[in-house]
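Taken straight from Swiss-Prot:
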type	residues	note
BINDING	Gly14, Ala15, Gly16, Lys17, Ser18, Thr19, Arg120, Gln157	ATP binding site
BINDING	Ser18	Mg(2+) binding site
BINDING	Asp36, Arg60, Gly82, Arg140	substrate binding site
Amino acid sequence: MAEKRNIFLVGPMGAGKSTIGRQLSQQLNMEFFDSDQEIEKRTGADISWVFDVEGESGFRLREQRVIDELTTKQGIVLATGGGSVKFRETRNFLSSRGIVVYLETTIEKQLARTKRDKKRPLLQNADSNRMILENLAYERNPFYEEIADIKVKTDDQSAKSVAFNIIRLLEEI
């Protein structure tokens, strides 16, 4: 990977996009961004509050603007929100401006990784979280597949080993 190409991480919540993204950026000496953190920084409020006040559609529009802006930078690693792929325009930004890495994980791992996280506005009713995650997977997985240049399973590996695996795969394309 001679020149520093943008790397965009997509996948469901709990796949490890932020954690793996930080590892990748350190190992490749690239700047790291997290679209959710950027939205929080710009609004001065957490994602749950933005969802409550603006609804999911308002949040997604903010997210689309942030991703449009961030993907024009050079040599970055970007962890996107799980639902960022809902809009075609956002998928186009990602697929045309860098290498898209789809981090795959199981519903079981998602449940385990997100169960104590209060910053997940779509998972605020523990009784129905499995069904919510299954519905989101049904809706979003085709979009992740559509734009993925690389697919990596994250279930039983450390963030560091997933990052090394991604780097190895990047060298092949």
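Start at 1 and count along the chain as shown; that gives each residue its number.
Any Cβ shown, glycine's included, is placed from N, Cα and C.
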Cβ within 8 Å of the mean position of the Cβ atoms of Asp36, Arg60, Gly82, Arg140: remaining residues of the chain near substrate:
Met13, Glu63, Thr80, Gly81, Gly83, Ser84, Val85, Lys86
Taking Cα atoms as reference points, rank the binding-site residues Asp36, Arg60, Gly82, Arg140 by distance from Gly16 (ATP binding site) and give the first.
Gly82
Please report the number of other Cβ atoms within 10 Å of the Cβ of Gln157 (ATP binding site).
15
Give me the CA-CA distance between Arg60 (substrate binding site) and Gln157 (ATP binding site), in Å, as a whole number.
30
If you compare CA-to-CA distances from Arg140 (substrate binding site) to each of the binding-site residues Gly14, Thr19, Gln157, which comes out shortest?
Gly14
Counting Cβ atoms within 10 Å of each candidate's own Cβ, which of the binding-site residues Lys17, Arg140 comes out highest?
Lys17
Mind giving me a neighbour count for Asp36 (substrate binding site)? Other Cβ atoms within 10 Å of its Cβ, every protein chain shown.
23
Candidates Gly14, Ser18, Gln157 (binding-site residues) - the one closest to Gly82 (substrate binding site) by CA:
Gly14
Near Ser18 (ATP binding site), which residues of its chain come within a Cβ-Cβ distance under 8 Å, counting only those 6 or more away in sequence?
Asp34, Asp36, Gln37, Ala79
For Ala15 (ATP binding site): intrachain residues, at least 6 apart, with Cβ closer than 8 Å:
Gly82, Leu103, Glu104, Thr105, Gln110, Thr154
List, in sequence order, the same-chain residues at least six positions removed whose CB sits under 8 Å from that of Gly14 (ATP binding site)?
Thr105, Lys109, Gln110, Leu111, Ala112, Arg113, Thr114
Name the residues of the same chain, 6+ apart in sequence, whose Cβ is under 8 Å from the Cβ of Thr19 (ATP binding site)?
Ala159
